[in-house]
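Engineer: Could you have a look at this structure, given as structure tokens, before my questions?
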Amino acid sequence: MSFRREKFIEFGGPDGGNGGNGGSVIFVASSAVNTLLYFRYNQHIRAENGKAGSGKGKFGAAGRNRVVEVPVGTQLYDEDGNTLIADLNNIGQQYTVAAGGRGGIGNAQYKSSTNRAPTYFTYGTLGEEHCVLLKLKIVSDVGIIGMPNAGKSSLLSRCTASKTKVSDYPFTTLEPHLGVAYANGCELVLADIPGLIENASSGAGLGHKFLKHIERCVILLHLVDCSLPDIVSAYELVRQELKLHSQELTGKQEVVILNKCDLLSEGEVREKQKLLESSTKKEVITLSMGDELDSLIVFLHAQVKKAVVTEPSDTSFDPFLYVHYNKK
């Protein structure tokens, strides 16, 4: 509230300006970040308050918005973690988590023909305050799946510049890794999903943490270790866990590769290839350590372009998943 006070002006009248609107908290999907680690140490995010109005009819400045970059694939849930609020799938997509309050109204706005000197004003409204849960699902063209020690990390490191850990023991990979492969003008994002074991759909071997990321992959690249005594059972075990987790996963297009063929003779490889093709009713590709991969990348790129992406349905909560992203 303010009144005009100047020399030789006896009845200056009201001149209190309006207050500025408060800033909003906005989340924006960005390729510049790939983890939610920022929120581990910044759990309370505030935008700037609007400035107060002043005399001479001056309006207060609006508060600046607080824009927070989040990885592409971030999902926002309500406080209970049951209701999906927003799904930021595309670069630049944004969502206003909490809108700023409206600025107050100065007494100059209440001047009328019957009230030439109003002594009242209106306070501004409070901004919104929300508690949201964040979950990150990796988004990739190809999800590399299979049992532990099937050679998934080795394939990713050969196709891309990914620095994933590669060793000859199960569960070498304990978190998803992304890599970008290039061949003959084709660009492909591959995700190394940690190995799936029996009862993964029930949470065994951190199954829930891994299976949910497969939902965002366009197609699946299923690696089967050629050296296993029963390759059909190994294949069917992984497929069963996908089915138990979500029927949508079983509908995704799948490319089957018989890996580590250099460990067996050509005759043994051919026999196992026919056995797996007979069981899966799909064409099975054989792969050895020394094989060139450009043709495989081009083939996968073509399959991705033809595939239909299914919408995810998972609503579990994993706030601080760390995703490694490597670009060749």
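We count from 1, first residue shown onward.
Quick reminder: no glycine exception, Cβ is built from N, Cα and C everywhere.
So Swiss-Prot says this about it:
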type	residues	note
DOMAIN	1-139	domain 'Obg'
DOMAIN	140-309	domain 'OBG-type G'
BINDING	146-153, 171-175, 192-195, 259-262, 290-292	GTP binding site
BINDING	Ser153, Thr173	Mg(2+) binding site
Engineer: Out of these binding-site residues, Lys152, Lys260, which one has the fewest other C-beta atoms within 10 Å of its own C-beta?
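Structural biologist: Sparsest of the binding-site residues Lys152, Lys260 by Cβ contacts within 10 Å: Lys260.
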Engineer: Of the binding-site residues Gly146, Pro194, Gly290, which one sits closest to Ser153 (Mg(2+) binding site) when you measure Cα to Cα?
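Structural biologist: Its closest listed neighbour, by Cα, is Pro194.
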Engineer: Would you mind checking how many other C-beta atoms are within 10 angstroms of the C-beta on Gly290 (GTP binding site)?
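Structural biologist: Total other Cβ atoms inside 10 Å, all chains included: 6.
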Engineer: Where DSSP helix means H, G or I and strand means E or B, what are the helix, strand and coil counts for the domain 'Obg' (1-139)?
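Structural biologist: Each residue of the domain 'Obg' (1-139) counted once, the result is 8 helix, 39 strand, 92 coil.
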Engineer: Taking the Cβ of Gly146 (GTP binding site) as the centre, count every other Cβ atom within 10 Å, in any protein chain shown.
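Structural biologist: The Cβ of Gly146 (GTP binding site) has 25 Cβ neighbours within 10 Å.
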